[in-house]
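Notes for the one structure printed next.
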Ligand SMILES: *Cc1c(COP(=O)(O)O)cnc(C)c1O
């Protein structure tokens with residue numbers, strides 16, 4: 001079953017450092033294979049995966065439905081380009097439209113290959129719809145929308161944004177979750193508001209109750225487009241298909257990626273109402289976007305979430321996870337926030353990297369998303385028993401993380 005690794009972690013990371021750009025630093029672990037919620041590194045160590053490739057591997061690793069869908073599709077036709085239509089992409093657009101509760105009459109989908117590309121499409125779409133009289137876009141402080149120039153211009157994290165400006169886009173940043181600040185910033189010169197339902201990369205930072213409804217009404221009052229970035233929150237992560245369904249609002253434009261392909265690269269920009277048809281022929285495109293293999297993977301993800309009733313499981317297991325974390329009762333834990341299987345463990349000190357390392361030493365992959373926040377975003381298929389393994393080990397992980405600090 002296990003193919004012999006060709007390189008040890010040390011040997012592989014040395015080659016990585018010699019040949020790949022230093023933008024990721026040196027990854028501490030070399031992963032070789034996965035099965036379900038388990039992954040194995042190049043030295044044969046097994047981990048319980050509570051990161052899922054940053055909220056991507058929704059069905060875990062090597063899920064039979066994903067393997068079959070991708071294998072069958074790649075053996076049938078792997079790529080067509082958008083010069084030709086193929087059934088998987090149409091089926092996926094129909095399926096997403098149905099999940100969004102629309103009758104399809106005023107909903108249209110554009111497929112990209114990643115989250116940032118989905119937001120680039122959204123940015124072009126809202127500017128096309130707005131014409132020239134609305135040069136401004138409003139986004140949120142600490143929000144994350146991607147790394148390409150347009151999406152980066154909308155990203156409110158100075159450390160990753162500032163070295164690359166100016167962007168040639170008039171973006172105003174307002175504090176996240178503050179409806180009054182948003183109301184003050186949005187006027188009729190504003191083409192769009194970009195916002196996440198919960199800020200993922202900021203550390204699973206939730207908005208106050210009613211915030212998305214306020215965004216909706218501010219956009220309605222000014223004619224600005226409401227673009228909701230559900231790249232991290234969408235496709236079941238919160239226990240709903242989409243986080244906005246909990247809030248009871250529909251945006252004008254919705255962007256998706258991460259969990260959609262279950263590990264295959266795909267993004268989607270979905271327009272509602274007048275935004276469904278704001279692109280004219282020739283306005284946008286992608287050679288790989290909506291490729292048959294990624295669409296087949298996404299269809300398998302959606303079918304499995306439905307067939308295995310994973311939305312209910314996400315809610316129940318997410319609650320179990322949050323209770324288990326709270327029960328750790330360690331002074332380093334300030335609390336846990338988030339919804340479903342998308343949780344942030346807030347720490348009382350900026351020790352998240354130490355906690356991440358201590359967790360790995362105990363056989364758990366977790367993510368230090370911020371200096372004082374650990375992100376837990378496991379596959380949606382995680383079991384109560386697996387959650388119990390982690391929450392049982394958490395006190396020892398926290399003890400080791402704080403012990404190391406004093407040595
Ligand atoms: C990850 C993420 C993106 C960027 O997606 P990529 O696929 O990395 O380009 C954009 N917005 C949000 C909210 C994300 O979490």
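Even glycines carry a Cβ here, placed using N, Cα and C.
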Hey, TrEMBL has pyridoxal 5'-phosphate bound by 115, 116, 229, 230, 231, 232, 287. Any idea which of 144, 164, 167, 272 it lists too?
144
Here's one to test understanding: among the recorded positions 147, 258, 286, whose C-alpha is closest in space to the C-alpha of residue 116 (pyridoxal 5'-phosphate binding site)?
147
Please check the binding-site residues 229, 232, 286, 287 against ligand 1 and give me the ones with CB under 6 A, sequence order.
229, 232
Cα separation, residue 147 (N(2)-acetyl-L-ornithine binding site) to residue 229 (pyridoxal 5'-phosphate binding site) (Å, whole number):
14
Sequence gap of 6 or more, Cβ distance under 8 Å: name the residues on the same chain that satisfy this around residue 286 (N(2)-acetyl-L-ornithine binding site), in order along the sequence.
82, 111, 112, 113, 117
Quick one: which of these binding-site residues, 144, 147, 230, have their CA within 10 A of residue 258 (N6-(pyridoxal phosphate)lysine)?
230
So for residue 232 (pyridoxal 5'-phosphate binding site), how many other CB atoms are inside 10 Å of its CB?
28
